[in-house]
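Annotated features, as they stand in Swiss-Prot:
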- Gly24, Ala25, Gly26, Ser27, Asn28, Gly111, Thr112, Gly113, Glu142, Arg146, Asp190: GTP binding site (BINDING)
Amino acid sequence: MILNIKAPENIVLKPTITVFGVGGAGSNAVNNMIHANLQGANFVVANTDAQSLEHSLCINKIQLGVSTTRGLGAGASPEVGALAAQESENEIRSSLENSNMVFITAGMGGGTGTGSAPIIARIAKELGILTVGVVTKPFHFEGGHRMKTADKGLIELQQFVDTLIVIPNQNLFRIANEQTTFADAFKMADDVLHAGVRGVTDLMIMPGLINLDFADIKAVMSEMGKAMMGTGEDSGEDRAIKAAESAISNPLLDHSSMCGARGVLINITGGPDMTLFEVDNAANRIREEVDNIDANIIFGSTFNPELKGIIRVSVVATGIDADKVPKYKLAIDENTNTVPKETYNESMIQHTQIEEIPAFNNYSTENIEITDSSIKQNYTENEQELRLHVNAVNKPENNSQKSSFLWKIWGSLRASNNQTLERKNVIVNTLDQDNKESDIHDIPAFLRKKRD
């Protein structure tokens, strides 16, 4: 009997990450990443403009809509861009096969990027690929029509991506100066994509003490909606903390606060001199920004010999509620007991229904008399304070922080012989005459009455 024994093939299993540039802006972003010699990712560019496609540094190129546009571009029409992508669906699908994750980058507001990017994202999702969109919005000087086109494209794109990162070009003015060239400004926007891709690929290919697998990354980024990416590098004293601070404060992104994030991916990379305490300091600084106790925070740390003396921190925060605003603490003038107008604007205050205030629930104020004497008689510093769930106003801590309205309501509740609050629906309809004559800013916006 003859036995044929073969040695098992040495198959290397690793996730495949693809960066897919769409249109002129997407192709330029890919060119910048190739120039930067980014490792660990495949590149594909697709365009309706044959001339632009010819000048791309990328090897894998797709001419979108040969019959639809004849290589002449989409003419700033998203409808034409979408038709071109649909015509080239087989080529797009072929270029994405075997990919585990794809970053789709495009400029919103034009024809090819706005129209084709959602089609490409849909194909990627049909293939079961983790799909991340990183797109830009137009400058203000490009006009309202282009901005509306971009917004419509974003709505369409968001239906098909797991995670979406939006970079408004107008925010480039936050970091540019009078000497910044037009090309350099766009490169700054492309660096957001570069940092995000590098943060993921480093975790895959770089050696480290705490390695992550692709399943970890997918858990943080799958079906998460809006997101932010940031990276920071620093050297010298407190380099880890400074790098973390830079990573979580990206000036190019709107709503870049990590408050409310449902998933956070942290990658800390350094040379052989990176210490345990530095890794701990950087990771904890980022964790402080996340106020969601149920957030899925995944942490990895890798080594890069080229980063001797430097620590790099990359952050991807996903599932961010873009409508959530930071909590503001209104300063109270001790003399007038009012809120100066210049300390806030209406956008800081989120209006809350009175029924949602726990301290008022099911409590009757029918026979409560509000007088200054009752307030002075019953108020002490150590008494339990009235808790109002209003984002714009923090819980009062001392006399100087209490507006006259909140103080009077609290005093009235204290004056009710400390009875147990029974649950009844309450609506506060009237204020005393003194309060009517007080500054309107004494009254929280959600209870403010219109003056006659």
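Every residue gets a Cβ built from N, Cα and C, even glycine.
Remember, predicted model here, so these are calculated numbers, not experimental data.
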**Asked** According to DSSP, which kind of secondary structure is Gly26 (GTP binding site) found in, if we only use helix, strand and coil?
**Response** helix
**Message:** On the three-state reduction of DSSP, what should I expect for Thr112 (GTP binding site)?
**Reply:** helix
**Asked** Near Asp190 (GTP binding site), how many other Cβ atoms are within 10 Å of its Cβ?
**Response** 24
**Item:** Least Cβ-crowded entry, counting other Cβ within 10 Å, from the binding-site residues listed as Asn28, Thr112
**Value:** Asn28
**Prompt:** On the Cα atoms of Gly24, Ala25, Gly26, Ser27, Asn28, Gly111, Thr112, Gly113, Glu142, Arg146, Asp190, which are listed as binding GTP, what is the maximum pairwise distance in Å?
**Reply:** 20
**Asked** If you count other Cβ atoms within 10 Å of each one's Cβ, which of the binding-site residues Gly24, Gly26 has the most?
**Response** Gly26
